[in-house]
Amino acid sequence: MRKWAGRVPPSQRQFTSATHCVIFIKKKSNNSSNQSLLVPLKSPTPKVMATPSLCQAAFAVFRQIEPIIVLEQLGSTLFDTALQMVVRDRTANITDPGHSSEESQQTAITNFYMTYNLIIQFTPIIPALVLASLSDRGWRRAPIVVPLSGYLLSRLALLLVVIFGLPLKLMFAASVVFGLSGGFSAYWPGIMTLASLGSTAADRSKVMMRVELLYGLTGVVGSLVSGHLFLLYSSSLGNGTILLSVSTLVNLLCFILAAALLQVRRVNSEDSEESYHLLSHASRHARLVGCCSGVNMVNVALLFAAAFLYDFAVGGAIEILGSFVLKSPLSWTATQVGYGNAAGCGIFITSFLGVIVFRKCVGDETMILIGMLSFAVGIYVMSFVTTTSLFYVARLLNLFALIPMPTIRALVSQQVPASRCGIALTSLQMTLKVAGAVYIPAFTKIYQNSLTWFPGLVFMISSVITVISMIPVSIVGCRLAQKQEYVRIQGD
């Protein structure tokens, strides 16, 4: 032991860290005065290090994509309820010759939303493509930060309309600004791109659905409180002021986090090779990775057609649903509107749980068909809704209605390398925008013309189109099954 005097024996060497320090002292042995031992003495852990650790953990959380999703969806749900109620209040006294006051109000509400939503559908097309191109070149935050600025300005515009009593048509200009910033067409593919690139290839389908779940949970919370916040007002400003103020502040915070703190994961060459077939399940990935060396344009075209038809049906029905609940016999209040929106956001949760269960026993194509069938049945029942309880029954039947679109994105992205993921998802989103440019005026005019004799006709038409959209998905399922059988035989 003497030869280690002044040094630490290798068997007793320890590494030190910022919170753990080891000091060796010399201690005489009881057996002999000539022998000495080196005894480690641990210094106490400083308590002051706990606070910086918590701060670092909080800072790391705010650099992830999840806080952006939560804040944006929270602000959007508050804004949607506020806009719906402001439009209702502003059109309450409109009358048209030869029509009842309720028919005139319904026509005015649907005409406003038709113009407003058409602007939002058309204006983001070119900006979203430009932002997607920047994303694929390495500017991953651009499709998120730029649209969030448009979100913030549109919320601020509605707040000014309410406070100063400005014309409601000012929201058309706000929708133009929102569209030129890229809007949801750029924002959501940007979110999905960052989420997919931050996960392994086998887990990407689950990661995308987890994003949808977080989006839905936040929507439920925001919708539940939105109606109550709308009724809070000051004597000088009126209804909706507090609700819109909270929405604007939330969107401001979201924009600051995205612009200053959001962390982007760099994709190296190994990740790009691993991510060549995005969003594939582990079981299927092993069978297909060897045979899908190129893009299968037939399957991609069929999936785009299915997405177009399904979005046409869903978008057209939801376009009218907001006006439908404001008329008799439902005649909802602001609180009931919030609860109804929460029921719609709850479908995100049930769809996520459905994916967890179904993906263990069926393929992607079957999950898409289950989701489409769920929406077709639920929206068919909506055609005959006359009470609030029956409305919630119809929404309950839609519990898997949000499975198809994320799963279709997953199937499309399996054919795309990581470097082209952004442009592929944005192209699919643009296809849905084209669908929106058609179904918005079509469903609006059908609803207005059938308002007096069968207002639920639009929901029945939506159900039929949904059934038609199941055809291309079934064809894709047959084609993929044949390819898997071919690969299995070739492997044998």
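Each residue, glycine too, has its Cβ placed from N, Cα and C.
According to TrEMBL, the feature transmembrane segment maps to 113-132, 144-164, 170-192, 213-234, 240-262, 302-326, 338-358, 367-386, 392-411, 423-442, 454-478.
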Within this structure, do the transmembrane segment (454-478) and the transmembrane segment (213-234) have 3 or more Cβ pairs under 8 angstroms, counting pairs 6 or more apart in sequence? no
With CB pairs under 8 Å as the measure, which of the listed stretches 113-132, 240-262, 302-326, 423-442, 454-478 comes out on top against the transmembrane segment (144-164)? 240-262
Cβ contacts under 8 Å made by the transmembrane segment (367-386) with residues that lie 6+ beyond its boundaries: 306, 310, 313-314, 317, 321, 329-330, 351, 354-355, 358-359, 393-404, 407-408, 456-457, 459-460, 462-463, 466-467, 469-470, 473-474, 477
List, by number or range, the same-chain residues at least 6 past the transmembrane segment (240-262) whose CB is under 8 A from its CB atoms? 59, 62-63, 65, 67-68, 71-72, 74-76, 78-79, 81-82, 85-86, 141, 144-145, 148-149, 151-152, 155-156, 158-159, 162-163, 226, 229-230, 232-234
Leading stretch by Cβ pairs under 8 Å, where the reference is the transmembrane segment (302-326) and the options are 113-132, 170-192, 423-442, 454-478: 454-478
